[in-house]
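To start, the structure under review is shown below, and the notes come after it.
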């Protein structure tokens, strides 16, 4: 099913749309559909890091070859195309924060920071400078008008392609100016459209790696920027026993079982990371069960103010990992009055640095309500993991 483009503009010829073109099939199809519909389309591709290394790698988005692919698609569509050098912004806003988070014992999601900053905040400003009405991307998430006139974000039609988890930090103001034409489409249909449009990227593989991590080896990036994250320390059981030594906190995440380098009669899992003491704490699987989550940097897209929703103990759904299904939860206020999330069915392996993303219960978990960065996880009143975001 082709997307409805009327919410972008009813007079295409007089409506300028900037398309964020990564060089992949999804954003290329967005540009192609809009150009075919008669919109005034401008393609923009971001150069985010050293292209000399990236151009030799496969499976990473925004790599050197991707810039050439985006330009090739734009040429075939007959639309203007610009490459913007955002390397310094990307390093400061995404790569440095990524390294800081691992050094602090967190498990960060750099794609969230990238979407929140350079891809939306900065690129929306560029789109405005270019006189565009909206910015369109190839993300798999839906955008629809709400009854009160605001725009809501919704999970994509194809569940295993849904990217709403990574877009939770999109603000209400940004949502007004963003459009996601592929939210109601299946990937197979997108590729078929790419072939129909004659795009050279119709069969191009999807990106897999974190774009700035060569060969998927994030530890090399972290240790180069934050050497302290690679310093060895103790692996400590919850009962206080020192079981061995670890290779640096950056190599571990909550819920990890393999690669601990210790031999014990029973399976043990990473249940907490204390970067200040250089300790990796392990325990049995039941120690991973979490019932309450504390958050920072919360972005709220609900219909009432966040603290009002917490005071009313609003039922929601949440995702604490991108690959997990939404699970029932409740918004509350902790003893200090700060928003907190109660997991009604519990969750395992809740890692500080990951996102807890909110979905509307009334819509069957279809509508995105925002989310925040996990900084605290508690099990039955027992504190398991806490940290301050660097």
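Just so you know, glycine gets a Cβ as well, placed from its N, Cα and C.
Annotated ATP-binding residues in Swiss-Prot are 20, 21, 22, 23, 24, 25, 26, 27, 46, and among 131, 138, 149, 152 the one listed with them is 138.
A C-beta separation below 8 Å, combined with a sequence spacing of at least six in one chain, links residue 354 (site 'Interaction with tRNA') to 107, 108, 109, 320, 321, 373, 374. Considering only the recorded positions 114, 139, 211, the residue whose Cα is spatially closest to the Cα of residue 20 (ATP binding site) is 139. The 10 Å shell around the Cβ of residue 139 (site 'Interaction with tRNA') contains 28 further Cβ atoms across the protein chains shown.
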